[in-house]
Amino acid sequence: MTTTMSANPITILIVILAAAALLDAGIVRQRRFESNEIPPTEQETNARVVLERCERRYQEGKAKETHAAWAYTSNLTEYNLIKNTEAATEFAAIQKSVAEELRQFDYRTFRNEDLKRRFKRLAVLGYAALPEDKFKELFGAVSSMESNYAKIKICSYRDNTNCHMTLDPEITELLGNSRDPEELKYYWVEWYNKAGKPTRESFQKYVDLNKESAKLNGFNNGAEVWLDE
């Protein structure tokens, strides 16, 4: 004979409430684990306020610099080059000012990884670490090389009456697709003579100033800067 025992309603209610409490506690712990939520320190709270103000200045300057760079790249005129240089120099000054303001905080001690990442992004100045005269010198060297690469034209290997071949897309496609060693040699030599030799001085200036800016940012050379990004 089987005896069926009825559970006390109060006991059932207690069990349900206890289970619900355990479940709720588990969900809260899981959410905290998933979001990796760490209460900010007072320094981090103050740093975030300053950072957000600096980021707005940085983004406004970057937008102007990007617009000027696009205008010059799409239309290589002397006027656009002047405006591009002005915008880049102004943005470099903003970068320095922002980095100086953020330097009051040691972001490396922050517990919030997102805040630490955003601080680091603005703390490394790149070329903006150079004095203004050297920054303009570097910018001029890069602009000179870009202008030369964009403007030079080479005669076709198979049709010497066609002398309107540019680096992109014609020569780039030929160097990537041709299997004729003489044709490849021809385009390499022609490109070097028209693009390489005239920009040799600008390229050396770029290399020297790139290394100098890397050292000002705490690196030994430009390669270390790229690897750290």
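Each Cβ is built from the backbone N, Cα and C atoms, and glycine gets one as well.
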According to TrEMBL, the disulfide-paired cysteine of C163 among C54, C155: C155
Alpha-carbon distance [N112 (N-linked glycosylation site); C163 (disulfide bond)] in Å: 58
